[in-house]
Amino acid sequence: MAISWFLFGISGSLTGPFFMLYAKSLGAQDFSIAVMRSIGMLAFAFSTIIGGILTDYIGRVKTIIIGTSIVTLTSFGYAFVKDWIQLSILWIIEQIAHFYAPALMAIIMDSLQQNTVFKGFLVLNTFSAIPGLFMPVIGGIMYDTYGLTGIRYAFVTSGIISTIVLILRIRFLRETLIVKNNGNNKFKSIILDVIKYRNVLKIVLAVYVYTSVIGPIVSAVSSTYGSIYVVEILKISKTELGLLSSIGTATSIILGVLIASSRSINNKLAITIASLSLTLSMALFTLPGYLNKFILELLVLSTIFGSLHGVLIGPLLSTIMTRILPVEIRGRLIGIQRMFESLGASLSAVYAGLLYVYFGPINSLLISTVTSIIVLPYLIFLYKFSGQSISQ
């Protein structure tokens with residue numbers, strides 16, 4: 001699993017930072033990009049419900065193999081689209097194909113010992129991020145040097161890597177769930193099994209509120225238009241954009257190694273740092289638009305603080321979910337989580353489009369920065385659902 005994530009890291013970091021720029025190069029307007037992202041996230045939202053059910057009923061591995069096969073085909077398809085509408089259709093298909101996301105998370109949760117959950121997620125995230133040290137720069141150089149042809153070659157490369165991932169998953173993934181045959185009661189038990197564990201649902205819903213409402217609203221503009229703002233408004237080259245992505249990855253890896261080497265992590269301190277670093281990152285990202293100087297320096301600082309937030313918040317939330325979710329319903333509840341997250345991302349993309357169009361790039365980012373202040377009190381609220389420290 002770790003190797004396949006590493007390879008997908010190569011694929012994603014080669015093309016990911018430039019995807020919205022690619023859409024714009026193919027004729028998409030600013031609000032069209034928001035609509036494209038919104039529809040894709042909406043499609044992913046509903047597909048993960050199906051994926052969560054499949055994860056618990058046909059097993060983790062079969063679900064992953066089916067989804068990875070479709071993603072591989074779309075990776076090649078991106079290289080041959082003629083306009084942004086074709087790109088949008090393929091992207092929506094890819095989002096649907098990621099219905100296997102709950103299976104990926106469930107198989108990792110199943111494989112980690114309870115006392116190594118936080119470090120396990122941290123190490124996996126750090127390892128899979130390594131390609132981001134150099135691949136975004138390569139992708140940026142290809143885009144700057146060869147234009148659309150360069151990014152098309154990058155997508156072909158991505159498709160080849162996805163094929164290798166598919167082969168590895170078919171060959172080496174092993175099922176971690178004993179699939180029970182409930183006969184005619186199978187579909188009835190889909191709901192009843194979850195209701196039996198209603199005592200954990202309050203905690204789960206509290207996590208859902210952050211990952212599907214607060215988080216998407218705060219990051220809406222930067223997630224949808226970040227690369228466009230950097231290249232078109234701040235006049236940063238695509239190669240420099242790739243370099244910023246690489247700096248973010250390097251920061252994540254260094255911080256990940258340092259945190260993983262510590263004996264314990266204080267949740268409250270980690271949550272506080274994660275929240276404050278998010279606000280700082282967004283403020284530093286917005287500031288160059290007003291100052292029109294020290295642009296690259298401020299973007300580098302923004303990237304570093306953003307990486308600090310990402311390194312901490314993901315494993316913290318994953319640790320909470322791993323410890324409270326029983327094995328037999330993990331697929332469904334992760335599927336529900338992914339559905340809510342994607343619905344949030346879908347609505348926030350439209351919200352981002354409205355902000356970006358009506359208030360302009362810089363002011364819309366300022367609004368997002370102010371909104372990020374609500375993150376800290378809510379994450380402190382979540383803190384009571386986890387221990388004082390995560391023992392390693």
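Note: Cβ is positioned from N, Cα and C throughout, glycine not excepted.
Noted in TrEMBL for the protein shown:
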DOMAIN    1-387  domain 'Major facilitator superfamily (MFS) profile'
TRANSMEM  31-54  transmembrane segment
TRANSMEM  61-81  transmembrane segment
TRANSMEM  87-109  transmembrane segment
TRANSMEM  121-143  transmembrane segment
TRANSMEM  149-168  transmembrane segment
TRANSMEM  200-221  transmembrane segment
TRANSMEM  241-260  transmembrane segment
TRANSMEM  269-288  transmembrane segment
TRANSMEM  294-318  transmembrane segment
TRANSMEM  339-359  transmembrane segment
TRANSMEM  365-383  transmembrane segment
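Confidence over the domain 'Major facilitator superfamily (MFS) profile' (1-387), given as mean pLDDT on the 0 to 100 scale, stands at 84. Where the transmembrane segment (31-54) meets the stretches 149-168, 200-221, 241-260, 339-359, the count of C-beta pairs under 8 angstroms peaks at 339-359. Contact between the transmembrane segment (339-359) and the transmembrane segment (200-221) is supported: at least 3 Cβ pairs lie under 8 Å, counting only residues 6 or more apart in sequence.
Each of 149-168, 200-221, 294-318 was scored by its Cβ pairs under 8 Å to the transmembrane segment (241-260), and the highest score goes to 294-318.
Sequence-distant contacts of the transmembrane segment (61-81) (same chain, at least 6 residues past either end, Cβ-Cβ under 8 Å): 11, 15, 22, 26, 51, 54-55, 87, 90-91, 93-94, 96-104, 107, 152-153, 155-156, 158-159, 161-163, 165-166, 169-170, 173-175.
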